[in-house]
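Okay, so here's the structure we're looking at.
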Amino acid sequence: VRFRSCDGNKKIHFGSSEPEDFRVGEDGVVYAERSFQLSAEPTEFVVSAQDKETQQEWQMRVKLTPEPAFTGTLEKDQRKIEEIIFPWQQYKHSSPLKRQKRDWVIPPINLPENSKGPFPQELVRIRSDRDKSLSLRYSVTGPGADQPPTGIFIINPISGQLSVTKPLDREQIASFHLRAHAVDVNGNQVENPIDIVINVIDMNDNRPEFLHQVWNGTVPEGSKPGTYVMTVTAIDADDPNTQNGMLRYRILSQAPSSPSPNMFTINNETGDIITVAAGLDREKVQQYTLIIQATDMEGNPTYGLSNTATAVIAVTDVNDNPPEFTAMTFYGEVPENRVDVIVANLTVTDKDQPHTPAWNALYRMTGGDPTGRFTILTDPNSNDGLVTVVKPIDFETNRMFVLTVAAENQVPLAKGIQHPPQSTATVSITVIDVNESPYFVPNPKLVRQEEGLMAGSMLTTFTAQDPDRYMQQTSLRYSKLSDPANWLKIDPVNGQITTTAVLDRESIYVQNNMYNATFLASDNGIPPMSGTGTLQIYLLDINDNAPQVHPKEATTCETVQPNAINITAVDPDIDPNAGPFAFELPDTPASIKRNWTIVRISGDHAQLSLRIRFLEAGIYDVPIVITDSGNPHASSTSLLKVKVCQCDLNGDCTDVDRIVGAGLGTGAIIAILLCIIILLILVLMFVVWMKRRDKERQAKQLLIDPEDDVRDNILKYDEEGGGEEDQDYDLSQLQQPDTVEPDAIKPVGIRRLDERPIHAEPQYPVRSAAPHPGDIGDFINE
C-alpha cells in the first residue's frame, strides 16, 4: 500500500487492524505475521496511515484472496494478469471542457526471489485506453531493463505484457524502479511515462554468519553471577525486517564442565554472554570454550537456518593468593666494607598467575636494620628477594645482623580473601673480617712552616692507624708516594718527616702558599693493604727576594718633552715583604744622576725622565736601586736599557736607528743567523753542482774518437793560406795557450757554436808563462 499526502512532506506510520496476522512495514509492504490457511472467501482487514506529528489518521480496506497454485507446466498461465492503464491526459486537440485525470499511484509489484519459473514469467500488462484508436508501441526503461543489469525485465511492444526473464536475488537487488512508455508508430509520445516498482520478496535462503569464527573474551576469577563477559555477533543476509533475518543465540556446549556445566548464559537476541554461576577459579580452570549457535526464523529449530562459532573465555587472575616464604629463616654472609653485594636469596611461592601484579612480590624489612645498611630487591624473573648491602659494614663494630622481612604483592588482596595479606621471615647475616687499609689521622694534615727551612730539619710526624684490632699484624711501614719538589723524606718506622732541601715558597710546585706531599702506610696482612695520607705544608713568606725593575727595556726622546718612562717594581715575595717600594738612582757613575731623574708615582710604580734638555741618541744602561718594605729590607740594582732617539711631535721615534733601538731578542738574532747559514749552504751546493756538471761534460768530450772530432783536426787561422805548402806552424800556441795576445782572440760573436775557444776558460787557473815540456801533459790532466 502507498500513501501520498497533499504536500508530500508528512511522516506516516502504518498500522493494521489485525496486528497478530498482518504487519505493515514503514515502506508500505504488508507481511504475514504467522502461518495460516486462507479460506476461499476474501480476507479483509484495515490498513491505517497516521501522521506522526498531527496524529491525523486515514484508513483503507484491504481484501486478500488466495492465488491458484502454479502447476509447473510449460503452458501459459491462465490466471488473470493485472492491467496497468495509463492515466487520462488532455490532448491539445481535445475539447477544452475535458478534464485531465490526476496521476495514479501504481502499487508496487511484489515478486518472490529464487522463483523456479518457467521464464519468462508474466507480471503485469501495461496498456493505454487509446490503443483502440491508435497503434501503440510499449517499452520499459531503467535498471533491469535497458540499464545494467539489462534483460531481467522485458515487455511485449504490442500487447504491453511485462515479464521477468530469470530468478531474482533480493540480497543483490531488493527492488527495481522501471518506467513504462507508450508511443505511436512514429515514435511520438502518446501517454506520460508511469513508474513501476518491483519489490523482490525475501526468502530464507541465507544462513546466519558470525563475524568471527573464534571469539575471545575474559572474565576475572571469582566473578559474581550476572557479570558481563563478552558479546558475539552474527549477521544474516536475509531481510532483517522479516523472520528470515531475525536471529536467536544459544549455547550448545561448555568445556570443561567444572565446577558447573552451566557457568555462562547468552542473551538470545543480543548475543551478550554473562556468568550465571559462582566458582570461577583461575588456579583450577584457566579457560572455558563455548559453542554458540545462531538461528534465523527467530530461532525456530524446524524452519530456521543456523550456524555455530566458538567463544573462548579466559579466566583472568585476581590477587586471591598472598606470597608465602619457603622457609622461616634464611642465612647469608658478607665481607666487611663491601657494598652492592647480594648476601641472601629469599624465595616465596604464589599461586597467582606469574609475572602479574598479583604474583609479583615486594619485600621490606620490618626490623634488625636501624641504620639502613641493607635493602631487598625483587628478581623480576624468579620473584626472589635479593638482600643487598648498600652501606659498608665494619666487622669491628657489628659481627652479625638478624633482619625481619615481610613479603606482599604489588596489588592488595581481593576482597573476601581470608588469607593474611603478607608473609614474614627472618634473615641471619654474618659479617666476615677482612684485612682493611690503614688510615692516616688526620688526613690531610696541615703544617705551617716558614720558608727557608734548611735541609735535614725535622718537619713533623705523620702516622697512620690500622683498623684491624682482631688480627695479629706487625707495625706499619711508611713510604713517600708523591713529593713534586723532592723536599721531604719519611722514616719508614715512626713516620717522622724531615727535609732534604730548602723549602721555597716561590717554587713552581707551591700553589697559593701550599705544598702537598702524599705518603703511604702499608701493613703485612693477607692480602697486604695500604692507605695514603696527604701532608699540606703552608709556607710562610720571608723576605728572601729583592725587587726587580720591569720592563727591562724602554724608549725615550732626545729632548726633555716628552721623555717620561713608566717602570714597575716586581717582587716574588708577598706582603709585608713586598711594596711599597723605594726607587733611586746610584751615585756612581756620576753621569746617571746628571742625565736622569726618577720619581715614585705609587707604591709599585715610578717614572724615569731626562734631567738635561738634550741627550744624544743612543742606547744607555740606567741602573735603578729598588728597595722593598720587608724587615729587614731587601734591595737590588736593576739595569734598565733605554733607547734614546729622535722623535716627532707625537713622541714617536723617527730616526733610522729606531729598528736597532727597539732591540732584537735572542730568538730573533738566532733566527737571522740561521737564515744566513742556510743561504750560504745553498750557494755552496749550487757551486758544487755546477763544477760537477762541467766535469761530466769534459769527460764526455774526452770519450770522442780523435779522428771523428773535426774540431781537433782543423786549425782555423782566419786567413787565406797556401794549403799543404804552408807548414810554418807556431808551436808556442801548444805550449802556452794562455799567452796568446788578446787581440789574436777571435770575438765570440763570430765563432761557431760547436767551436772550442782558443782562449782558456775562466775557471782554469792562470799558468806560468815559463815554457817547459810538461805543460801540455799537465794541461790535459788539469
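Glycine is treated like the rest: Cβ placed from N, Cα and C.
Feature list (source: TrEMBL):
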type	residues	note
DOMAIN	103-210	domain 'Cadherin'
DOMAIN	211-325	domain 'Cadherin'
DOMAIN	326-440	domain 'Cadherin'
DOMAIN	441-549	domain 'Cadherin'
DOMAIN	548-654	domain 'Cadherin'
TRANSMEM	668-690	transmembrane segment
REGION	719-782	region 'Disordered'
COMPBIAS	720-729	compositional bias 'Acidic residues'
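In the predicted model, the domain 'Cadherin' (211-325) has a mean pLDDT of 92. Broken down with DSSP, the domain 'Cadherin' (548-654) shows 6 helix, 53 strand, 48 coil. For the domain 'Cadherin' (103-210), DSSP puts the residue distribution at 0 helix, 47 strand, 61 coil.
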